[in-house]
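As written in TrEMBL, here are the features:
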- 1-32: region 'Disordered' (REGION)
- 3-335: domain 'Kinesin motor' (DOMAIN)
- 12-26: compositional bias 'Low complexity' (COMPBIAS)
- G92, Q93, T94, S95, S96, G97, K98, T99: ATP binding site (BINDING)
- 341-425: coiled coil (COILED)
- 540-606: coiled coil (COILED)
Amino acid sequence: MEKISVAVRFRPPSASSAAADPSPSSGGDREWRVDDTRITLLHRNAPVPGASFAFDHVFDGTATNDRIYGVLVCSLIRAAVDGFNGTAFAYGQTSSGKTFTMNGSGDQPGIIPLAVRDVFDTAREAADREFLIRVSYMEIYNEEINDLLALGSEKLPIHESLERGVYVAGLREEIVNSAEQVFELLELGEANRHFGETNMNVRSSRSHTIFRMVIESSAKNHMDSGDAIRVSVLNLVDLAGSERIAKTGAGGVRLKEGKHINKSLMILGNVINKLSESGKQRGHIPYRDSKLTRILQPALGGNAKTSIICTAAPEEIHVEETRGTLQFASRAKCISNCAQVNEILTDAALLKRQKQEIEELRKKLQGSHSEVLEQVILKQRNDMHKSELERDRLAMELEEERRLRETLEHRLAEQQKMLDGINNASISPDQFTDSVQLDALKTPNSKERPVGFVASRANYSKDVEFSPIPENLGTVADEDLWMQLNKGCITDLEMLEMTPGLKCAPSLAEDKTSVAIPEEPIDERCQRLQKDCSSDRQQLEDSKVRCTVLENELDTLKKEYSSLLAKSRQDADRLVAEKEAVLKELDMEKSRMEELKQEIRLFSQAFTQRQGQLTSLYTKSKAIVDNCKMSQLALP
């Protein structure tokens, strides 16, 4: 058993954070004091009772991402390369620095880019093992799982199997052989991720993201001897921050997003609370209440090494949120995981299945350049992996169709059994000695009405709108009664038209002597059930035909999608080429403009210089003329 490693990071104070909460703090002068690995809340320089917390590591605002990675995550990456499952995630309120800690910036990379480089560097140092690494990138937005590496892959389901454990079906996985390829995929995923602006953060994360690396390794030159293959999963999670509507000012779509974020984080807190309890007191752990906790189930109390970075804001207006974050971190510190090396002895590992074909490709391309060789091998691996994912998806669809067919066949078999039972049964009135037993098999009839039955009219109202109620009702309506009921109006019976072909209802006297309707004969019932069976068989055949039609439509749609994708790529390439051509022309025009400006500048300088020379010449010539005039006047 191994405890979860928990650290707390305080971001530097922000001058603009006070504007996020217009209401003044009600607690007075409160601040957090950091003493090595202990954090204490002070109220006017006095410790607040019950507000002191101790953790594995505590970082103040001067700590860098490199330092945090080296202290908390570096050993986790080494263990993941050696075959242990690993998970690292950041938890805290919004605008506390989670995304900066996980992703970083251009001059200060975060945990995810540092971990990616460290994985490839560590794998390169292991000269006695061969590695296959594949990555995926997903987000949980409004409790729906979206694939950030494939457009249109939304609302993906979660499945569980003995070989793969808990996984997301239909999630795109890319096989990579360098950190630069991973960074390109991360850039693509960040472009598809949901962000939004709130009062507390200009670029607030509106979804939880999980970057996953599956690392498979085996001893070199021992693949055919049946040696075990190590398969580990590394999860790097950037959680969205908990929010208060009064501070974020969220509304509309942002309000809906905030509700889903707070709900999933609340369930994560409930899971942490249950796991922190002792074995006897621990009850049901609600992993399935949230898709976030369902995916992170192996990392929380399971087979994984886990590190949690809880980010907090040091400002006084965020004291209560920071206290909640520290309480979450304290409970998480009590959780123990049972991490062990994951080894597979069967052919379930992707690396083992591809070994033979890759060796054949190496022999064929032995004379080619090594870089071309690696690119061909990587492309082959990706194609094989995509085909396996497509096969799994088709297998799930066929499994659903098989279940539907089994349901229809089961229903058809039940009806056939019922039909056979009716045919084999010979029911006759002679078998029953008691008339009560015979009457019990008959269809129940309505209760016979008594002789001389007369329907009485309810006392609705005494208004003139209603017909007057006669005092005495008899079995026969005489002329006076008819006049009373119709307010003295006389109906011309000759003008009434009767609907032809209608039989008159039996009279009350005839109802007394009428015979009960006989129940359905057995032969007719058998025929009806046979018709039902035939209709069910026809429905089953129709469903099979529809299934075939749907499969054909699916193939057609795939072909259309491929053609549209190829066409869109061609259009994109054409637009890129046109853009590059326009940019080149623009650069040429800019260069021409610069040349013209330079020529104009030179011409202006030459013109100014020439003008100065002319002015000087004019001044000299004028002086000479004046001297000549003076000399002429001076002569006698």
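The backbone N, Cα and C atoms fix where each Cβ goes, glycine too.
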- Around the Cβ of Q93 (ATP binding site), the count of other Cβ atoms that are within 10 Å: 24
- Message: Can you give me the same-chain residues 6 or more apart in sequence from G97 (ATP binding site) with a CB-CB distance under 8 Å?
- Response: R9, R11, T311
- Note on the structure: Going by C-beta under 8 A and a gap of 6 or more residues, the same-chain neighbours of G92 (ATP binding site) are K98, G241, S242, C310, T311, A312, T325
- K98 (ATP binding site) has its Cβ surrounded, within 10 angstroms, by a count of other Cβ atoms equal to 26
- Taking all protein chains shown into account, the Cβ-based neighbour count within 10 Å for S96 (ATP binding site) is 27
